[in-house]
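Per Swiss-Prot, the features are:
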DOMAIN    10-39  domain '4Fe-4S ferredoxin-type 1'
BINDING   C19, C22, C25, C60  [4Fe-4S] cluster 1 binding site
BINDING   C29, C50, C53, C56  [4Fe-4S] cluster 2 binding site
DOMAIN    41-70  domain '4Fe-4S ferredoxin-type 2'
Amino acid sequence: MAKRKVPAEFVVERDDYKCIRCLACVRVCSYGANYYDENANRVYTENYKCVGCHFCEAICPTEAITVRRNNFDIRPLAHWTPEHLIGIMKQADTGGVLLTSMGNDRPYFSYFDRIVLNASQVTNPSIDPLREPMEIRTYIGRKEAKLEIEEDGEGNVALKTEIAPQLKLEVPVMFTAMSYGSISLNALLSLARAARTIGTFFNTGEGGLPKELREFKDNMIVQVASGRFGVSADYLNAGSAVEIKIGQGAKPGIGGHLPGEKVTEPISETRMIPVGTDALSPAPHHDIYSIEDLRQLIYAIKEATRYEKPVGVKIAAVHNVAPIAAGMVRAGADYIVIDGIRGGTGAAPKVTRDHVGIPIEFAIAVVDQRLREEGIRHMASIVVAGGIRNSADVIKAIALGADAVYIGTAALVALGCHLCQTCYLGKCNWGIATQDPKLTKRLNPEIGARRAANLLRAWAHEIKEILGGMGINAIESLRGNREALRGVGLHEYELKLLGIKPAGEAW
């Protein structure tokens, strides 16, 4: 029987006139796609090995290389795309689950792109952020319903109400949970240093805490997931907050999976598992099967941290996200994290990543509204994630009801990621999603930190510009202010769920 060949996804084109046979592309490709033929004195590429990371293209000194998508031409069939056919061929070969990485790449609607912002004109003067102060500082944590002040006989006043622990963000953007193992130590160090420079936070993810990150405790959130890798009382007290991960947007309802190829000696020590074994996180926490169980864990962590740190809970955005979020707040969560269908991952079944969950825009709106209706919105902050691409997405998310956002993919792109979606292989040529020492050294954490900090610094400038144009001088005035938003080309029921009006409709 003739075997049907799986076509290459990418084609590497090489200008033989420009190529000087330096063999840099041969040496640097961790996938072994490029090779040199001494007899012909030419460099060739086995295109089926290319993942489209563009590293060879970037390091070629004469710009002789171009990597492009391979047009897999078949008889035009709307229902059977090349992606479907390639998936069937791979599964027929292996009998296995198709794995992938990064975020959902399906052509679903991006609702952020169908939402526009307001601006001040004539009757409500705009504000120049270069000449007037703009407040974008954000506090994450439980707020009090009211503040009580006490006064002594001499007219001095003091705050009587005890304030719950808060995370102070100088910009309403944090670096999301990415574990040591899924990404390299140099990548984590880049984000940690950037967070300290800007005055925000990074999240360790579920992979435990390498000793190199301990110095960043004032800008670090530690995570407790179902695998409980590296979790101890010392770990819980090592950061500024603790986050319980129930689910994530890229793979709702299933656990985590770090392939054994990525479990090196340092990862083994940090996660407390044998070298080379797959690190599997169960789908559920085996001590959480109800809101009451979640409450027990939240307060166990609060006891272990002496009630000095905010405790958050992270879930994926699913159909009944609003009542779940309300239950989490009533269970004692100081902040909740909602991760949408565009959320990224180091490894996930392709079918789950592409088809499970809901867009983050709807999740923000319905959760914020539900908490307001129940009168508990002040009891927890809302942090959202899953496809935040730029400062406009940040502003729209906050106007829909979020307090702050997490970014992951955008941060990795700042470090050099080219979204080749093969993080799970552990061969990242850019030194990000790999544990190979020969590859990780390609990412300089000092340069990475500078680039990640530059990204947040640029977004902060843009957020201030937009706020000033709206006539708003504090981000508090934008939070949940859906009158500042209008929908373009959205159906009536979509506008109703988002809580916004169509473009052209005045106040």
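Note that Cβ sites are derived from N, Cα and C of the backbone, with glycine treated the same way.
Within the same chain, residues at least 6 positions away in sequence whose Cβ sits under 8 Å from that of C53 ([4Fe-4S] cluster 2 binding site) are H418, C420, T422, C428, N429, W430. Across all of the domain '4Fe-4S ferredoxin-type 2' (41-70), the predicted model scores a mean pLDDT of 95.
Residues near C50 ([4Fe-4S] cluster 2 binding site) in space but far in sequence (CB under 8 A, at least 6 apart, same chain), listed by position: A8, E9, F10, V11, V12, Y31, A33, V67. Looking at C56, C60, the binding-site residues in this record, the fewest other C-beta atoms within 10 angstroms of the C-beta turn up around C60. Cβ neighbours within 10 Å of C29 ([4Fe-4S] cluster 2 binding site), excluding its own Cβ and spanning all shown chains: 22. Among the binding-site residues C19, C22, C25, the ones whose Cα sits within 10 Å of the Cα of C56 ([4Fe-4S] cluster 2 binding site) are C25. Taking the mean position of the Cβ atoms of C19, C22, C25, C60 as the [4Fe-4S] cluster 1 site, the remaining residues of that chain whose Cβ falls within 8 Å of it are R14, I20, R21, L23, A24, V43, C56, I59, P61, T62, A64, I65. For the pair C29 ([4Fe-4S] cluster 2 binding site) and C19 ([4Fe-4S] cluster 1 binding site), the C-alpha distance works out to 16 angstrom.
Helix, strand and coil counts from DSSP across the domain '4Fe-4S ferredoxin-type 1' (10-39) read 5 helix, 9 strand, 16 coil. Cβ neighbour count for C22 ([4Fe-4S] cluster 1 binding site) (all protein chains, 10 Å cutoff from its Cβ): 14.
With every protein chain in view, the residue among the binding-site residues C19, C25 whose Cβ has the most Cβ partners within 10 Å turns out to be C25. Counted with DSSP, the domain '4Fe-4S ferredoxin-type 2' (41-70) comes out as 8 helix, 9 strand, 13 coil.
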